[in-house]
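Noted in TrEMBL for the protein shown:
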| type | residues | note |
| --- | --- | --- |
| DOMAIN | 1-44 | domain 'Phytocyanin' |
| TRANSMEM | 68-89 | transmembrane segment |
| DOMAIN | 121-221 | domain 'Phytocyanin' |
| TRANSMEM | 244-266 | transmembrane segment |
Amino acid sequence: MGFIKNITKGGRDVFQVIEAKKYYFINGGGYCLGGMKVAISVENLQPSPSPSLLTGVKQNKNGSPSKFGGHVVTVVAVLTGVLLAWAIPLTLQELIDIILLCCISWHLLQNLHVLNAGGPVLHRVGGGKYTWAPNMNLTAWAMHEKFYVGDWLYFGFDKTRYNVLEVSKMNYNNCDDKNFITNITRGGRDVFNLTEARPYYFLSGLGYCFDGMKVAVYAQYAPPDPAPLVVRNGCPSQSSGHGIIVMLLALFASCAVIGLLLPLHVSH
């Protein structure tokens with residue numbers, strides 16, 4: 001009596017949070033006293049931080065260097081094309097093609113980090129499809145995994161025998177399945193999203209925790225991307241300067257190869 005809304009429909013029910021406020025949910029029939037209750041706090045989405053302004057260099061939204069690097073590459077590509085045109089008989093169209101290919105190669109090189117960008121990972125608890133089971137060394141498995149905020153845990157198990165409960169550290173240490181935080185059990189192929197940077201503790205009730213069916217994972221924030229090139233007073237640091245020289249030499253060499261191969265390809 002006195003509830004705000006009965007969400008119960010078919011046992012696979014959803015509720016949309018539409019306001020920035022605290023929501024409170026319980027199960028009736030006295031089960032609330034057994035831990036079937038949850039409170040959540042909904043906040044308005046924070047605006048994305050504005051791109052940081054580096055001293056002398058402005059970082060683009062995608063994290064790549066600013067137009068400064070692009071201008072340098074364009075100059076190198078043009079000079080390479082001119083030198084090749086002087087050394088090898090080239091038509092104007094071939095010269096333009098070489099310059100364009102050099103610039104495209106540079107931009108592909110600069111954006112390779114996008115292809116390697118990581119995303120949320122699904123961790124199969126225990127390492128297999130159905131390894132939420134007794135007598136599994138789940139502690140050793142967790143020690144060899146890296147868990148980051150946003151990752152998912154997958155629990156595969158026999159739902160007629162086992163369950164998955166998120167519990168406190170004390171309950172985890174004592175294999176106590178009372179007053180659990182969340183019952184993750186649904187159909188035996190259940191997932192759990194690591195939404196915070198903190199330790200998480202899981203166990204199976206009904207005594208199976210004493211047979212090794214428990215695991216603790218620590219979710220941390222993913223490491224930041226490598227810092228972009230910082231230019232102070234218009235001059236890069238010594239280490240950055242070495243990196244630029246190496247990349248420009250590599251670009252020059254690749255452009256030279258393109259210049260040598262392109263006329264041969266066209267002639268055939």
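Backbone N, Cα and C atoms are what each Cβ position is placed from, and that goes for glycine too.
Unlike curated entries, TrEMBL annotations are predicted automatically.
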Residue list, the domain 'Phytocyanin' (1-44) vs rest of chain: Cβ under 8 Å, 6 or more residues beyond ends.
178-183
Count the residues of the domain 'Phytocyanin' (121-221) that DSSP assigns to helix (H, G, I), to strand (E, B) and to coil, and report the three numbers in that order.
16 helix, 32 strand, 53 coil
